[in-house]
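Here is the structure we will look at, set down as structure tokens.
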Amino acid sequence: MLYIYYLFKSLFFHTLFVFSIYKDCPYMRASSPETTSAVKCPFNKTAVEGTHNKDWWPNQLRVDLLHQHSNKSNPLGETFDYAKEFQKLDYAALKRDLHALMTDSQDWWPADFGHYGGLFIRMAWHSAGTYRIGDGRGGAGRGQQRFAPLNSWPDNVSLDKARRLLWPIKKKYGQQISWADLIVLSGNVALESMGFKTFGFAGGRVDTWEPDQDVYWGRETTWLGGDVRYGAVSEGVHHPDEHRGAKEKAAKNSDSRVLENPLAAVQMGLIYVNPEGPDGRPDPLASARDIRETFARMAMNDEETVALIAGGHTFGKTHGAAPADNVGPEPEAGELEQQGLGWHNRFGSGKAGDTITSGLEVTWTKTPTQWSNDFFEHLFGYEWELTKSPAGAYQWVAKNAAATIPHAHDPSKKLLPMMLTSDLALRFDPIYEKISRHFHAHPDQFADVFARAWFKLMHRDMGPRVRYLGPEVPVEELIWQDPVPKVSHVLVDAQDLLALKQKISASGLGISQLVSTAWASASTFRGSDKRGGANGGRLCLAPQSQWEVNQPQQLSVVLETLRRVQTEFNAQAGDKRISLADLIVLAGGVGVEQAAKRAGIVVEVPFVPGRTDALQEQTDVSSFAPLEPFADGFRNYVKGDEVVPSEHLLIDRAQLLTLTAPEMTVLIGGLRVLGANVGGVKHGVFTDRLGTLSNDFFINLLDMGTEWAPVSKERHVFEGRDRRTGVLKWTGTRVDLVFGSNALLRALAEFYAAVDAQEKFVRDFVAAWSKVMHLDRFDLV
């Protein structure tokens, strides 16, 4: 696989959404016109037009990112169960309706070649294609293409029409099919209706009802800009002060083509690469370098990349009938009467043969509504010379070729074969050429690789197979799905758990060892693409067992001890067994219970057995490398130099763990006093009762008898000294002190520091701990 570790050497990509806090981010400033109807509204002086906190303090900590997608924006209510609704769906009837739609050309948006297949393939591709392996964000899983910024990206021109074509079907089937699932399924049906056998389809994508705010799309301030993501000050992560002059430095180094992590697209508003070539320069070899980088960050290898480009470009066409100055504003900037549609085209009829989308005017094959090997026939069958589309975009025309390509809307016309710069990359890059010639000679293998790569593209952000719904889920298990074995043993019961807890307590392992190991196992979970977590026990396997944050030496001691407990238990007669994955989580719960008891509170940490242990051969090391945290504020850990304030990295980590602000707060307070810091550092350990689950962290942080000061100009670590005597009392990091500094987090800290809060603190910690331990247990939902 090409997404090799060097692409992620800094592992900054887990954290980059935090750039939305910086004032030069385009999404920090509204793009609405200066004068709106609100000014003339009789209800003047509303909050909408007022100055907001972010206007005064653009670098505020984005605690609000932990409270996205609440039921206040969701009309379905808390009891709605999409999986149950999906099971009621007449799936066969839905597919028949989608098949019929493919050739039901509408006058308001006529189908190219009488078939909407190419349009729906593009819509599905552009929905799923925003996924990036770096932080797991993007992808088709939430139907985000309906909302800004994606609904208004330059690369998504005309997809507003595709979704409107789908609306009658969505209306018919209601909540039994989500927009997210319907968009992907329409792409599958489009392929099938044009003679291609797909690998399968899985439903289960649950719609959201507002834009994701946590996704970092880049810092360019113009559409199709790429001036910052290449040659940036560092690999995509900066302190706010470093943004001064970032664009100038980027411009000087743009030839380096070092793409900022975790971004995959080469320009703001594109899904992948610029089809004209890097920065519009028609150089196929340079385009190949961009393609390899961006598809690798999409978790695709070279073979999958060639298959996806060639397979996708077997169908349909691009649109560039006239220059872009004929096109109106995007949907988010449209007038009310446009009803959410954008890019109104003033050229000719504005549709059919007059359509302007990318500005390119290319039909790749003689049969654009039928699966074929024509793409490779043309790629290698002609020599190519540079030309321009009617819109002025660079593209390539076949030399000395006959006009054999059909016109999309005039059957009497034939056109010359055309290709994009990004297509020719598959011929002129030596590695891509070898793969392309192989596919040319072996069309059956091409079809199989494309089918599998398309399925991977559509499902990469869905997580494990247990989340898949529907009658077309493939039987075959794939390595990128992070498979875990099925439970093949009798699960432990309450009596067994009691005996195991006693064994763990008597094992000699301390509270900090038990707690930190369980946290290391479970906290890899990413709510973005549903990867990671404790199930599979991959903490015991490469690469996780060697991550610095997991303290490999201590980890090996803990795992060896727990294996002895496991071996002794599993040696008993009968089929009852416990996996190491389960035992790690159970042991963490034992540590929490012991610590709570020391605080005078008896609790039982919830535990549900059923995890299994994955094998090393079920674990793609390079695919798991991006899950290694660059920073984990819960363990007071930052790898290398702290180039982004660590409190912002904490928000990123908490958001990936799907935590609320109170859950994040209580976990920080508890993990500090339980000694979970990496390396046993004392920063933030504001207690003299280490191993006791007390609220001491909050009490001592908020003590006005302590005066804090940074220990260096970098301001990463602080000393807390007695305000009267100057005696050193504590040390803390930015993550620790932010709970006294940030107004929202201080309010929560004050709640847990109150005299009557000790028991509440313990029970809230147990609840938040249990949530993290079970985040990947989709089998329980």
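Just so it is clear, glycine is given a Cβ too, placed from its N, Cα and C backbone atoms.
Here Swiss-Prot gives region 'Disordered' for one range in the set 57-76, 277-296, 317-336, 717-736: that range is 317-336.
Highest Cβ count within 10 Å among the recorded positions His126, His313: His313. In three-state terms derived from DSSP, His126 (active site, proton acceptor) belongs to a helical segment.
Here His126 (active site, proton acceptor) is positioned 14 angstrom away from His313 (heme b binding site), judged by their C-alpha atoms. DSSP assigns His313 (heme b binding site) to coil, not to a helix or a strand.
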